[in-house]
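Report on the following structure.
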């Protein structure tokens with residue numbers, strides 16, 4: 001290895017910079033172009049500020065078209081309040097007395 005001038009900053013050392021500039025391309029060759037390209041393109045790591053996505057707001061006149069739903073009555077227990085056993089017996093009795101079917 002060649003001796004490096006100690007007065008040079010580390011990012012200006014020979015061989016520290018690639019000969020070609022970085023591009024926006026994401027092909028395999030460009031992803032392995034340099035360490036920065038590998039980290040940002042290959043691994044997808046970026047430490048820049050994240051852009052806040054703006055919510056798509058509805059037009060102001062869209063509120064007119066919304067119809068308020070009527071309040072539903074409180075839930076009532078469905079089925080026979082006497083219990084499942086008695087209701088089964090009741091159904092059996094009705095089927096016995098109904099000769100139509």
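Easy rule for this one: first residue shown is 1, then count along the chain.
Cβ coordinates come from backbone N, Cα and C, glycine included.
Sorting each residue of the region 'Interaction with human CREBBP' (1-24) by its DSSP state yields 3 helix, 0 strand, 21 coil. Positions annotated as region 'Interaction with human CREBBP' by Swiss-Prot: 1-24.
What Swiss-Prot records for 11 is site 'Essential for Tat translocation through the endosomal membrane', and it gives sequence analysis as the kind of evidence.
Mean pLDDT across the region 'Cysteine-rich' (22-37) comes to 89 in this model. Feature annotation from Swiss-Prot assigns region 'Cysteine-rich' to 22-37; the stated evidence is sequence analysis.
Sequence-distant contacts of residue 28 (N6-acetyllysine), defined by Cβ-Cβ distance under 8 angstroms and a gap of at least six in the same chain, do not exist. Feature annotation from Swiss-Prot assigns N6-acetyllysine to 28 (among others); the stated evidence is sequence analysis.
What Swiss-Prot records for 48-101 is region 'Disordered'.
Summarising the annotation, Swiss-Prot assigns N6-acetyllysine to 50 (among others). Note on residue 50 (N6-acetyllysine): other Cβ atoms within 10 Å of its Cβ, all shown chains, come to 7. According to its DSSP assignment, residue 50 (N6-acetyllysine) is coil.
Summarising the annotation, Swiss-Prot assigns N6-acetyllysine to 51 (among others) and lists sequence analysis as the type of evidence.
Residue 52 (asymmetric dimethylarginine) has a Cβ environment of 6 other Cβ atoms inside 10 Å. If you look up Swiss-Prot, you'll see 52 (among others) marked as asymmetric dimethylarginine.
On its own chain, residue 53 (asymmetric dimethylarginine) has no residue at least 6 apart in sequence with a Cβ closer than 8 Å to its own Cβ. Look at Swiss-Prot and you will find 53 (among others) tagged as asymmetric dimethylarginine, backed by sequence analysis.
Per Swiss-Prot, compositional bias 'Basic and acidic residues' is recorded for 83-101.
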- Cβ neighbours of residue 51 (N6-acetyllysine) where a neighbour is any other Cβ within 10 Å: 6
